Amino acid sequence: MPDAFFQKKRKRTSASGAGARAGPSRSKPSSSASSSRMRKPNADSDAEDDDAAGGIDDMDLTHNYNHAPNSDDEAEAAETPAEARVRLAKMYLQGLSDSPAGDDFFEGAEQPSFGLADAAQADRDNIAARLQKDVAEQSGKIHLFLANRIAVSPTADDAQSGTVLTVKGHRLSVTAAVASADAKWLFTASKDGNIIRWRMSDGKMVRVLPRRARVLDDDGQPVPPSAASRSKTSGAARRRARFTAAAAAANGDKGKTSDGADAASYLGVGAEQGHTDEIWSLSVSSDGSRLASGGKDARVCIWDVAPRAGETFLKALGGHKDAISAVQFRTGSHELYTASLDRTLKLYDVAQLSYIETLFGHQESVLSLSCLGAETAVSAGGRDRTCRFWKIRDESQLVFRAGAKSKLRDVLEGGDLARQALSGEGKMSAPTEAVEGSVEVVAMIDQSHFVSGGDSGSVSLWNLGRKKPVHSVPVAHGFDLTTSESEGDIRTPRWITAVAALPYSDVFASASWDGNVRLWRIVAPGGSIRSFEPLMSVSVQGVVNSIQLVQPPLSSVRVSSDGSLSTNALVASKWKHAKGAVETEGKGLTRVTATKQNAPPLLIVAAGKEHRLGRWIKLPHATNATTIIPLTLTHAQ
């Protein structure tokens with residue numbers, strides 16, 4: 001039987017050709033034509049389709065390159081999983097707010113429940129609060145509010161009311177101290193070029209990642225000094241003996257000889273490995289497997305510090321032309337940001353031990369940087385008096401200029417009157433604040449706010465939506481008094497040497513060399529950050545070079561009989577240098593209260609006799625040590 005496709009009759013007469021292309025005729029079909037269509041519906045329907053569409057010359061064969069989603073389903077498919085979670089949470093909250101007041105599972109119109117409606121409403125409010133917190137978490141906003149519940153920390157005059165733990169092991173000023181995310185390990189670095197790993201539970205030294213030896217053998221391995229050349233009574237010999245004994249006890253090597261213990265405590269660093277000069281910055285990855293260090297030798301050293309395998313030197317990442325002032329891992333990844341005195345920032349992929357890109361923009365040496373989980377970072381440009389917020393994915397930057405002064409603000413705050421006040425001799429009195437000439441340190445609070453400190457002693461809070469600080473506190477750590485034969489007593493503000501923030505919380509800290517680390521509470525009425533105010537201070541002697549605020553794991557949090565929360569991640573009775581040691585007792589958190597809102601933070605402070613970048617300050621009575629202050633929360637939330 002022949003194919004019906006070849007039996008179709010295309011009517012293309014001159015009289016009706018235009019009408020056929022325009023569409024079917026409006027005249028009433030005849031009975032014979034209708035009977036024919038009844039007999040062959042498939043063939044005639046194909047013919048009508050062909051006639052309506054026209055010939056191949058009338059077809060539009062161009063490809064549509066517009067890939068924009070043209071439906072809700074395609075728009076939902078294009079969004080990321082994080083955006084989908086945020087959208088669903090917002091839809092759920094909108095549904096809760098739009099639901100009628102009497103619509104309750106536990107309550108009916110004919111038979112009201114007694115007390116069950118309130119419980120259901122409370123459950124609904126709790127779910128809404130948790131979803132709101134999840135939305136804030138996903139959007140990178142502040143969602144941890146701990147400032148109002150942090151207990152007063154011990155000071156030098158009141159050391160018995162709390163716990164202050166100290167580790168000492170460096171010969172020169174401690175320049176950096178960082179703890180792992182699980183609060184199990186502490187890493188400290190110093191101007192002596194050594195990195196020491198400590199166990200935070202008992203404060204024992206586990207390993208020393210030493211400075212590269214000056215003398216190497218034919219195989220490139222360090223040659224230890226001979227026993228005859230070693231002094232038995234020098235300070236270095238006593239420190240070496242302490243290191244050996246502590247490491248041997250920590251590793252269970254008490255029966256080994258001194259040479260064997262030395263091998264157990266010191267990591268062997270060969271040629272082209274490790275640092276050759278002062279170390280200025282440290283950073284630990286979120287999973288605790290990688291340690292990055294940078295310093296005066298312009299080398300970014302990557303160490304494998306996974307507990308299961310021991311410490312191993314991996315690679316020295318190059319690229320910078322001057323000293324490395326700051327290094328930091330991005331939260332939740334192995335991407336590493338580095339800042340240098342060569343006025344650039346660099347981005348590395350530590351998982352592949354490779355270089356990614358360089359960020360240009362600063363006009364002076366970059367002294368500090370900070371980053372969180374997103375692909376953004378903020379840096380302090382030192383003498384160029386700018387803070388720059390870097391958007392890595394967009395390849396753009398926002399510039400915030402510090403040190404700007406407002407005449408109106410001076411009049412409102414009384415600064416103009418203070419300058420006009422005369423002293424007894426008829427001379428102008430010393431100004432109550434100084435003009436900022438350098439931005440020294442910076443720390444991110446969330447994805448939209450960060451805090452900075454400068455050489456004028458001012459602490460400033462910044463918002464990405466404004467070019468000027470949201471709030472500033474001038475001379476936050478007081479004045480340093482110096483005596484001059486010609487000028488008499490000169491008051492100069494102590495510059496801010498370190499700042500740190502607990503990520504996504506309303507607490508941050510600042511420090512100088514006045515002997516106090518100050519904690520600040522962010523004031524956010526209605527969820528909008530407006531200012532900050534003093535919370536409390538912790539006594540730490542020396543020049544503070546590094547601060548870290550970290551939360552211990554929730555499994556270590558204990559609830560005491562009075563309802564206060566503390567952590568047993570640090571057993572104070574096992575620490576050698578501990579003040580006001582109190583054992584943590586109590587029960588653990590329940591399933592409902594086991595949230596980050598109930599994890600009391602740890603304050604880790606690295607201090608010494610000198611500033612980490614130079615020797616402008618010398619405090620002979622200070623101690624080169626790292627101090628850990630476990631903070632407590634008054635009640636659970």
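Placed from the backbone N, Cα and C atoms, the Cβ positions cover glycine too.
Annotation comment: TrEMBL describes 14-36 as compositional bias 'Low complexity'.
The annotation region 'Disordered' is assigned in TrEMBL to 1-81 (among others).
Marked as region 'Disordered' by TrEMBL: 216-237 (among others).
When averaged over the repeat 'WD' (167-208), pLDDT in the model lands at 93. For 167-208 (among others), the entry in TrEMBL reads repeat 'WD'.
Positions annotated as repeat 'WD' by TrEMBL: 272-305 (among others).
Within the chain, the repeat 'WD' (317-358) has long-range Cβ neighbours (under 8 A, six or more residues past its boundaries) at 280-286, 290, 292-302, 364-373, 375, 377, 379, 390, 392, 503, 613. Residues or ranges marked as repeat 'WD' in TrEMBL: 317-358 (among others).
Marked as repeat 'WD' by TrEMBL: 359-400 (among others). Assigned with DSSP, the residues of the repeat 'WD' (359-400) fall into helix, strand and coil as follows: 0 helix, 22 strand, 20 coil.
Annotation source TrEMBL lists repeat 'WD' at 496-522 (among others).
Taking DSSP states H, G and I as helix and E and B as strand, the repeat 'WD' (272-305) has 0 helix, 17 strand, 17 coil.
Of the candidate ranges 167-208, 359-400, 496-522, 167-208 has the most C-beta pairs within less than 8 angstroms of the repeat 'WD' (272-305).
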